[in-house]
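Participant: My structure is below; once you've seen it, I'll send some questions.
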Ligand code: HEM
């Protein structure tokens, strides 16, 4: 990838900072304001609370760090590739558990499933994310495609990966909007501290996504083993 005219490394520090801010904010919201978490409980809202936390910290934050690992780590290509695919696997697994929590909450509270644009896009995101991971694993890691297939697949992998990621950030933003709207409809103060916290968490999420994309398109640090095929590595 050619890269935009900015060095990736300083931008990746902004990404790390926003990652910590977003993680702290979603945890404070769900622990301090929403009462914490449970997998089994008579208070079903505690099951739901796992959903935003796992989706943001898992799919969005760890997934974003996975995307920028080629830009943020001063390591050899093989190490970066391993870290990239393992972080994406963790993001995907936490995302699947997070979506399972949303379904579990709905089912145990006799609420319908899949009635919103948020939930429809959410299913699309997790299916595309899983497909992208599997294709990447088979072509670039094991058993690995021919050099020609890898070179041809790479720009598609980068484009499709960034597309799915933008879709994930949009879906999370819709999720914050939907949950806050439910809470406000049942009495939460529209200009209260919790409402501000949720909206600012959504803003940090969008900024995080923006800086992940900038990092991914920026000039990566030269690796010790740069040459040939690696020069077009995403
Ligand atoms: C990319 C991240 C996310 C994905 C892929 C995702 C996916 C989903 C899916 C598939 C459902 C449907 C569950 C069912 O129908 O039983 C759902 C429900 C829900 N999610 Fe998310 N979610 C994400 C992030 C968030 C965030 C950050 C929030 C913030 C609170 C949130 C709030 C909700 C709410 C309120 C519901 C229940 C209402 C509904 O089904 O639309 N989601 N989510």
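Cβ atoms are placed via backbone N, Cα and C, with glycine included.
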Participant: Which stretch does TrEMBL mark as transmembrane segment, out of 33-51, 52-70?
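Facilitator: Going through 33-51, 52-70 one by one, TrEMBL flags 52-70 as transmembrane segment.
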Participant: Compare 52-70, 117-142, 154-176, 196-218 by their Cβ pairs under 8 Å to the transmembrane segment (82-105) and return the stretch that comes out on top.
Facilitator: 52-70
Participant: Summarise the model's confidence over the domain 'Cytochrome b561' (14-217) as a mean pLDDT value.
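Facilitator: 98, rounded to a whole number.
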